[in-house]
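These come from TrEMBL:
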BINDING   Asn114, Arg115, His215, Thr216, Tyr217, Asp281  beta-D-galactose binding site
ACT_SITE  His215  active site, proton donor
ACT_SITE  Glu347  active site, proton acceptor
Amino acid sequence: MKTTEPDSSALLKHTYHYVCNCLPPYALRSLPIPTRQLNPSSSEAAEMAEPKLFELNNGTIQLKVSSLGCTITSLSVPDKNGKLGDVVLGFDALEPYLKGAAPYFGCIVGRVANRIKDGKFTLDGAHYSLPINKPPNSLHGGHKGYDKVVWELVEHKQGNEPSITFKYYSRDGEEGYPGELAVTATYTLTSATTLRLDMKAVPQNKPTPVSLAQHTYWNLGGHNSGNVLDHTIQIWAKHVTPVDQNTIPTGEIMPVKDTPFDFTTEQKIGSRIHEVGIGYDHNYVLDCEDEQWGLKHAVKLKDPVSSRVLNLWTNAPGMQFYTANYVHGIVGKGGAQYDKHSGVCLETQGFPNAINQPNFPSIVVRPGEKYEHSMLFEFSVE
């Protein structure tokens, strides 16, 4: 990962050194990548394509994913009694997603996830302006980010490790971002109770910021089981990036110790949520040294009733912990009503507004380099 040296603060230097040197490469890997890997007409085709729904099933996990935004619409996993339950918020049909009724339920967001301050940034001396779709900032790629386009199906494999791969070709200037970008996303059921997502992006002709995120709202008790305040969570992060009144990181990297942001040991989500305003919506600096499959342990989430557990592994430097603070009165699958804190998002990512914060790990990817971001969702009961 290519980065800029942080300021002289000892804490910043220590954290920055760990993120950049101890975590596996997240965004940048020098590779001889041919340009125009995907046909740019695919973005035009996406304008006219009808979204479709696909299924992956290995006999234990049942996953439904749409070509619209690579959206997970349903994910059923067993509880302590072996009973399958759908653990993601969403809708029974694709129409509500098309009409914008979903607050980023289950989708992949980009070209840059999270917020960019004032929708502006400068790269190599050029100034760029983005849509202000979450005033006063740009959020999750703009008015029509990657969550709102139909991706092209590349491959749908059955068998012992069923998988599905989608691609999207993002145009130069799309939602204000520079350069053409070829993007792929692959969901794979790698074992009986494990789902993996691999996201890759290759800039074709210009350097550009890239930071994709998977925006599923999890409720391990079942999507229709109420709020997640009694879920316990452990996050492998000793620091967060505190935010201003517009939810933009201040640039500080703050220790979580002795604060309501401390989930270094297992705690109920609701135990101190009243101390952070309407709920959690913060980026955690991931620092776990435990590694499997080339990925670092980010978080463990558990529902005490069903005993379902989700362990999430990633190669991203940060994770947005969001407790569905703005969800209210949404009628979802089976007529279930989703309200505040009905789910929790665990969005591994580059740091929010990193393009404007030189002391954050860089999210700029240049031609000849490849962005790679992987997440592994490991389900169990305990």
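One is the number of the first residue shown, and numbering goes on along the chain from there.
Note: Cβ is positioned from N, Cα and C throughout, glycine not excepted.
Asn114 (beta-D-galactose binding site) and Glu347 (active site, proton acceptor) have their C-alpha atoms 9 Å apart, to the nearest angstrom. When Cβ neighbours within 10 Å are tallied across all protein chains shown, the highest count among the recorded positions Asp281, Glu347 belongs to Glu347.
Within its own chain, His215 (beta-D-galactose binding site) has Tyr104, Phe105, Gly106, Cys107, Ile108, Val109, Ala113, His140, Asp147, Cys345, Glu347 as residues 6 or more apart in sequence whose C-beta sits under 8 angstroms from its own. Here the binding residues for beta-D-galactose are Asn114, Arg115, His215, Thr216, Tyr217, Asp281. Their largest Cα to Cα distance works out to 18 Å.
Taking a C-beta cut-off of under 8 Å and a sequence gap of six or more, Arg115 (beta-D-galactose binding site) has these contacts in its own chain: Lys134, Asn137, Ser138, Leu139, Asn246, Thr247, Ile248, Pro352, Asn353. Cβ neighbour count for Tyr217 (beta-D-galactose binding site) (all protein chains, 10 Å cutoff from its Cβ): 27. Cβ environment of Thr216 (beta-D-galactose binding site): Ile72, Leu75, Val88, Leu89, Phe105, Gly106, Cys345, Leu346 lie under 8 Å away, each six or more residues apart in the same chain.
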